[in-house]
Amino acid sequence: MERYECLGKIGEGAAGVVHVARDRTTGETVAVKRLHGGIGCGEEEWLREARCLQACRGHPHLVELRAAHREMRRGGGGACCYVVMEYVDGPSLSRVVREERRGRPFPEAEARRLMRQLLDGVAAMHAAGVMHRDLKPDNVVVGPRGDLKICDFGMSRVTAAGAPPYTSPVVTLWYRAPELILGSQEYDSLVDTWSLGCIMAELLAGAPLFPGRSEMDQLNRVFDTVGMQDMKSWPGFARLPRAESALCSRARPPSRLREMFPKLSAAGFDVLSGLLACRPDRRLTAADALRCAWFTEADTPPDATPVTCGSARFTPCVSGVADAIVV
């Protein structure tokens, strides 16, 4: 990867390590993610992440792909896989909530501004046939002007590439939809909008809504907050692998979500409760949420015009030790 001058490490996770680097050809500062090898993050995962990023190119609230590169190691030993993306100089939304605001709730108008950006990006992502499958404040970067960028597509999936069953579990536990916790492998992009509902609640409360310690604890927290009657009436509920254990665990109170957000406007609560509908078929899509009165009748104008994602065919660069090719 001689084309890129490494400037320092900015993050590391189960899938790989991310460095900030300078593109020697263009002078641009970029983020370079090197996927770990040998722990389930090989060439298939690299290609899937790059294809998802490529499908979502051109939207202001989705991190932009610059290049994807597979470099064969000298002397054999397999390949190193890299994804090169735009670099956003700013903290994660999680850090803003936790450190800069120190757990203080966002005012409703500011929460609406941020949620509009996230919903706009996710609506475009879903229109491009991509599920993110790990939406959380850690995977949202806040730019210098307060604009949000959704990043880390390492768990993403192009839905057009194949029908269910999909991998389970996916999504970080605190933001995981109930159907996923109950073992569903026939989920769809609505798992992302549940995660957005969790993020919206976190903005309004200043802390995670469902900070579960285990899958069962997480499920209990969800059903104790939003109730279980809605989920039990879903035709697909009985087919879920863990449905019986959820029913037998204990009695569930009715939803108390409204009690937890008494100052939220009726229009805002319609969005929050719609995103946090336990029944997937009653959950708001991102596009539907943007059509709710909370956004359409807001005093302040939209901060971003919806942009259609690109749909150009992705062709990865596969080479020996040559530079990455921008796609």
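Quick reminder: no glycine exception, Cβ is built from N, Cα and C everywhere.
The feature domain 'Protein kinase' is assigned by Swiss-Prot to 4-295, with sequence analysis given as support. Annotation source Swiss-Prot lists ATP binding site at Ile10, Gly11, Glu12, Gly13, Ala14, Ala15, Gly16, Val17, Val18, Lys33, citing sequence analysis. Taken from Swiss-Prot, the feature active site, proton acceptor applies to Asp134, supported by sequence analysis. The phosphothreonine annotation in Swiss-Prot covers Thr167 and rests on similarity to another entry.
You'll find the Cα of Asp134 (active site, proton acceptor) roughly 17 Å from the Cα of Val18 (ATP binding site). Gly16 (ATP binding site) falls within a strand segment according to DSSP. Cβ-based crowding with a 10 Å cutoff singles out Val18 as the top-ranked of the binding-site residues Ile10, Val18.
Here the recorded positions are Glu12, Asp134, and the one whose Cβ sees the fewest other Cβ atoms within 10 Å is Glu12.
For the domain 'Protein kinase' (4-295), the predicted model reports an average pLDDT of 90. Take the CB of Gly16 (ATP binding site) and look out to 10 A: across all protein chains shown you find 23 other CB atoms.
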